[in-house]
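K.L.:
Next up is a structure, given as structure tokens.
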Amino acid sequence: MGVLKTCVLRRSACAAACFWRRTVIPKPPFRGISTTSARSTVMPAWVIDKYGKNEVLRFTQNMMLPIIHYPNEVIIKVHAASVNPIDVNMRSGYGATALNMKRDPLHMKTKGEEFPLTLGRDVSGVVMECGLDVKYFQPGDEVWAAVPPWKQGTLSEFVVVSGNEVSHKPKSLTHTQAASLPYVALTAWSAINKVGGLSDKNCKGKRALILGASGGVGTFAIQVMKAWGAHVTAVCSKDASELVRKLGADEVIDYTLGSVEEQLKSLKLFDFILDNVGGSTETWALNFLKKWSGATYVTLVTPFLLNMDRLGVADGMLQTGVTVGTKALKHLWQGVHYRWAFFMASGPYLDEIAELVDAGKIRPVIERTFPFSEVPEAFLKVERGHARGKTVVNVV
């Protein structure tokens, strides 16, 4: 009981921290949830019962309806969701050690208790039910959100999320368009703003390099940095060059023409580098930062989850700490900053992003949409890589 009380207080505190977001909405006298049946306790969803290849995806009509456990939670009827690379990786078991620890920090559950597991991180839909402490939303509100990977996902009829992870959907977007943005937008926002320290107040005139510019994170990063006045160089393949130029990239490097490192030598140095590629890129990318000027390299490709899968929680966290600390110190001595960034679920950040969207400064980039019946095909599309925007699933 003490643990439950502590969790409730913590979540309530998180919700209270966002009090400045909007005008508080008076609570309606009655809140009811609409489902496919007045007596229904189950819903349709795509789930996995074990980790593996695409064959583990299973459609069910009998997934339990989500319920509100904490007073700051809301239930959303999903109109559209999307598939991200993290979903494909999670389907295969990537990050299971760390995510299970987050789901069950006291190790009270037995192995495999996370199943059946629903994947999908993005949601655009309509609020159906609100917890008692939710003051910024009411049933009927159109909202969007990105669900943390340790929670049940959005490839289902309904999903429950914390109120501080939800934002009102941009008025200018349909649900299909809105579902393409939250996860990649918050990931890019984390890297550029929270870790990289850039914003509309200090970004003007800065030179930015985006490695892996044609995917979901890259296409958002181009647009937000251009909205803030930066000069953006994008690295992608030839067939994505037109796309990234239309999004605002000032210069485009085609990695199919040869060594990116060699091509970059003819350009001026950069103030900021966002790496969506990883691998060997960080062995040379930091050489293209301005030395001793606060220039920063931020990578979204880190060994954190892999270390915990391979070494266990304690050793994995120790190895991760040693790795990032060593690299950061090494590059600091060379006059540049080396950082890791991760997705951060945040309704207030989505509020800011929604303002940029409705102002016409950010537009969704959707490569393909799938009906709810073709979720496995959507996973295969994402798994093949070489994305030119997002893959969206229409649930309604």
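Placement of Cβ uses the backbone N, Cα and C atoms for every residue, glycine included.
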K.L.:
Which of these, ASN100, ASN164, ASN276, does Swiss-Prot list as part of the NADPH site with SER214, GLY216, VAL217, SER237, TYR255, LEU300, ALA341, PHE343, HIS386, ALA387, ARG388?
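P.N.:
Swiss-Prot lists SER214, GLY216, VAL217, SER237, TYR255, LEU300, ALA341, PHE343, HIS386, ALA387, ARG388 binding NADPH, and from ASN100, ASN164, ASN276 it also lists ASN276.
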K.L.:
Take the Cβ of VAL217 (NADPH binding site) and count every other Cβ within 10 Å, whichever protein chain it belongs to.
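P.N.:
Result for VAL217 (NADPH binding site): 27 other Cβ atoms within 10 Å.
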K.L.:
Within 10 Å of the Cβ of TYR255 (NADPH binding site), how many other Cβ atoms are there?
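P.N.:
Looking across every protein chain shown, the total is 16.
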K.L.:
According to DSSP, folded down to helix, strand and coil, what is SER214 (NADPH binding site)?
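P.N.:
SER214 (NADPH binding site) sits in coil per DSSP, no helix or strand.
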